[in-house]
Amino acid sequence: MTHFDRSKVTREAVAAILDATLLKPEASRDDVAALVREATELGCGAVCVSPSMLPLGSVPPSGSLGTDATLRIATVAGFPSGKHASLVKATEARYAAQLGADEIDVVIDVAAALAKDQNALLAELITVREAVPHPLVLKVIVESALLDEEQLRTAVRACVQAGADYVKTSTGFHPAGGASVEAVSIMADELRKLGKLAPFGMGEEERVAAGLVGIKASGGIRDWDAALDMIEAGATRLGVSAAAKVLGA
C-alpha cells in the first residue's frame, strides 16, 4: 500500500470530497440555503440534506470542482433506522432523484447485517439500485459501529455485489457511534481484496469507468486531523456537519 503523506494533502483536495451535511429534523429551508452557500464558498463536493428539502433549485458552481461543475446534491433514504421495506426505500430514492438529487445515501436493514444474511442484504440493495441506476450515485450506510469485523465485511461484499458506488460507515444518529478508523480500515481492506477499492482523489467519472467503490466516513469527523485519519484509513468521501471547522476555514 502506498505511503500516505499527510503533509501533501491540500485543503482543496479535502474540500472536494466533503459532503456538507444537514439532516437535523429541525433544519429549515433557510438553514439548508445557508449550508449550500457555505459549501459552495468552501469548494465542497456535495451537500447532503433531508428529502423534504428537495428540490434545492439553482445551485451555483462549486469552487473546487471547476467553473463548469456544480455542487452535487445528496439525500437519504430509509433514514435513519433502515427499518423501512425495500420498496419504500427504493420509492423514496427514486422520488428524490426526480426532485434533483444526484446521490442517494440509503440505510441498510442492520439486522440483516448483524445476522450476516448476505442474501437479504443483496435483495434489498438490488431493489434500491434498480430504482436509482447510474449515473445516480448510491451510497450504502451500514452503521459500522454496530458490526463486528465479519459482519462488516459481509455488508461490504453485499454492497459491491449490488452495484453500490460507496459504502458509508454511519448515519451519525445511532447511539453506538459514528465512523472509526478501525471500521474504515476494515472496509478498505475488504474492498482491496475484492479489487474494488477506489483511491483518494479519484474523480467520479474515473471511478465509475474503473468499476471501483469508494468509502464514505461519516459521524464524528469534526476537525482536520480526524479527516486525515479517515482518508489515511481509506475513506474517499467524508460526511461532515461542520465543513468550515474541518477545513480550518
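The first residue you see is number 1, and the count goes up from there.
Glycine too: its Cβ is placed from the backbone N, Cα and C atoms.
Residues or ranges marked as active site, proton donor/acceptor in Swiss-Prot: Asp105, Lys216. Annotated active site, schiff-base intermediate with acetaldehyde per Swiss-Prot: Lys168, in sequence order, evidence recorded as sequence analysis.
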Protein Cβ atoms within 10 Å of Lys168 (active site, schiff-base intermediate with acetaldehyde), excluding its own | 29
One finds that other Cβ atoms within 10 Å of the Cβ of Asp105 (active site, proton donor/acceptor) number exactly 28
Whole-Å Cα distance, Lys216 (active site, proton donor/acceptor) to the residue listed as 'active site, schiff-base intermediate with acetaldehyde', is 4
Lys168 (active site, schiff-base intermediate with acetaldehyde) and Asp105 (active site, proton donor/acceptor), Cα-Cα, nearest whole angstrom | 8
